[in-house]
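S.K.: The transmembrane segment annotation in TrEMBL covers 7-28, 40-60, 72-92, 98-118, 130-149, 161-180.
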Amino acid sequence: MAIGDWKVWWLAVALTAMVVSLSFNAFFPTLSATMGYNRTVTLLLCAPPWGFATIVAFVVTRHSDRVGERFWHIAIPLLVGIVGFVIAVSTMNTAARYVSLFLMAQSYAGFITFLAWISNSIPRPPSKRAVALAFINAFAQLGNIAGSYIWPTHWGPSYKFSYAICISTSGLTIVMCYIFKRHLESLNKKLEEKEQEEGRPKGFRFLA
């Protein structure tokens, strides 16, 4: 049932693209090292961006649940992440590149919100939702495999090509999420029209 639903495949591909764009996390110490500090300082500098990302993720996901909206809570963190990638591509300035690491790391707020969106978009039956979540997460591991090959040493220390790939996959994710958002909005409109025809109170709505 889940495998035959095109929405499951659409979300799987979108999440895979997002995972590729987030592949920098596995190479964070390497990217931090491009600022020129010794190993100890480099590793210490890795911590603050992820502390910042944790706070952003908490605020974004909580706000997403509170207002019942998903797309912009995914797209905005990814767009901010793209700004970080662009900064990293544009300069080798130490301060600028460190700021870019903060902007990249907060992209994970969009990733977490996306996982919630999957559950909201395939609400029933529960068995289908469970299979869909498992399949989409498993499929998205292809992104981790691909991501491990886009940070070769010979592309450093600027890693311009690596960041370009991250920008592209982030952009693809945003476009796919926007198309999916519009589809869910059309489904909600049909649900509303049916309720009005039958004189029923407002019921289930997809979160878009």
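Any Cβ shown, glycine's included, is placed from N, Cα and C.
For each feature listed, report its degree of burial, its nearest neighbours and the pertinent distances within the displayed model.
M.R.: If one looks beyond the transmembrane segment (7-28) by at least 6 residues along the same chain, the residues whose Cβ comes under 8 Å of a Cβ in the stretch are 46, 49, 78, 81, 101, 104-105, 107-108, 110-111, 114, 117-118, 121-122, 132, 135-137, 139-144, 146-148, 150-151, 162, 165-167, 169-170, 172-173, 176-177, 180, 183.
Long-range neighbours of the transmembrane segment (98-118) within the same chain, counting only residues 6 or more positions beyond its ends whose Cβ lies under 8 Å from a Cβ of the stretch, are 11, 14-15, 18-19, 21-22, 24-25, 28, 31-32, 35, 45, 48-50, 52-53, 56-57, 59-61, 64-65, 70, 73-78, 80-81, 83-85, 87-88, 132-133, 136-137, 170, 177, 207.
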